[in-house]
Amino acid sequence: MPGFDYKFLEKPKRRFQCPLCSKAMREPVQVSTCGHRFCDTCLQEFLRYAVCLCAQGSTSLQIYPDPELEQQILALPIRCIHSEEGCRWTGQMKQLQGHFSTCAFNVIPCPNRCSVKLTRRDLPDHLQHDCPKRKVKCEFCGSEFTGEAYENHQGVCPQESVYCENKCGARMMRRLLSQHSMAECPKRTQPCKYCGKEFVFDTIQNHQYHCPRFPVQCPNQCGTPNIAREDLANHMKDNCGSALVLCPFKDAGCKHRCPKLAIGRHLEDTTKSHLTMMCNLVGRQRQEILELRREMEELSVSHDGVLIWKLSDYSRKLQEAKLRSNHEFFSPPFYTHRYGYKLQVSAFLNGNGSGEGSHLSVYIRVLPGEYDNLLEWPFSYKVTFSILDQSDPSLSKPQHITETFNPDPNWKNFQKPCSSRNSLDESTLGFGYPKFISHEEIKKRNYIRDNCIFIKASIEIPQKIMG
């Protein structure tokens, strides 16, 4: 191998360095022809591939060991090879191997032959705590184990004193723990014999006061045995012949109550009175339904003075209007403002009056409202009708057809309406435009799109009125 690569206290003199490896020579040899010195290994390796120039003209090359030089090199002072790990030893090179036998940083095999290699300074801790082949005596049972076997023995030693795993507070040798846990521990779990759920032993009696499957007696003393607690309510409702029940017509007003077995006789005896009660109940419910429907309609009505009315399936409705003279379509009602006038728009798709057969006619009228007694009459606010152009605003500016009028206070439909008039009363027309838009004009642009039209009605209410 090449020369010594140790950490010298001083750089070796040049005469101690191998010309081939530039390190302090290991086993130096001298060439007889020139007197040059090399590491024996370096020279032999060199001669395998090259010729020594110093030996040109010679028939043979003589090489001799140089023991005197070797002793000088081995006497050079060096640091331990573990100096970077912390070893502070320094001495002659020939003393290094002897130092290794005591160096705390030298790596050595475990003397117990456990296959671990570690530094000498870590050996005592390894032998005491980590070596799987160390000898350890159990403090509880006194048995001796190797370190590896002792680790397996820990936690299972039958003589070790341990606390009950159920946390009842008892402490005993591990070999007694199983019997304690199964038969003696007050904190052991035990299944309820009625519902099968597991409970801590000292709470299972309290559980039975609430257990849904615990057998109980019928409070009506009907004689049915062992009724599960959770089934008692259904038993008393459906099966107990002694339970008192209300008449099935209780919601209609019958107050009769009797044992379940007698309810059939009661129904037979009171058929006529039950029928009367049901008729009265149906009448009350019908009235309630009408009231709810009226309230729902009021909630769905617009309260901002603007109606946008979509008439779908326009072509079919137009044909229907052509077949039925003066056929009128009605919009949903709307309010001019909160607590204001209730209005409704109507349309004759095939025209009305002077526009019949050629135009679409639009009218508005006043309906009876919730707040009529609080309002000024006759109705006198400006009304604007529009049929909306449905053209795409990004392609062309929509051109709505718009007409505006101020109601005539003498027209009867703008007087305070009486409660008998309703939205289905076709005998009373509102005020509007019989020739609002012709059938030819409505086909232009996009007044009709996707077979529907939009009619807009808006009421101009002064701000002071709305406030």
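Yeah, the Cβs are placed from backbone N, Cα and C, and that goes for glycine too.
Counted with DSSP, the domain 'RING-type' (18-52) comes out as 8 helix, 8 strand, 19 coil. The domain 'RING-type' annotation in TrEMBL covers 18-52.
According to TrEMBL, the domain 'TRAF-type' annotation covers 99-151 (among others).
Marked as domain 'TRAF-type' by TrEMBL: 153-205 (among others).
According to TrEMBL, the feature domain 'TRAF-type' maps to 207-263 (among others). Here the domain 'TRAF-type' (207-263) is broken down by DSSP into helix, strand and coil counts: 20 helix, 10 strand, 27 coil.
Look at TrEMBL and you will find 304-459 tagged as domain 'MATH'. Predicted-model confidence for the domain 'MATH' (304-459) is 91, expressed as mean pLDDT.
Annotation source TrEMBL lists zinc finger at 99-151 (among others).
Residues or ranges marked as zinc finger in TrEMBL: 153-205 (among others).
Residues annotated as zinc finger in TrEMBL: 207-263 (among others).
Sequence-distant neighbours of the domain 'RING-type' (18-52) (same chain, 6+ residues past either end, Cβ-Cβ under 8 Å): 1-6, 8, 12, 58, 61-66, 69-70, 73, 76, 93. Secondary structure of the domain 'TRAF-type' (153-205) per DSSP (helix as H, G, I; strand as E, B; remaining residues coil): 17 helix, 12 strand, 24 coil.
Counted with DSSP, the zinc finger (99-151) comes out as 18 helix, 12 strand, 23 coil.
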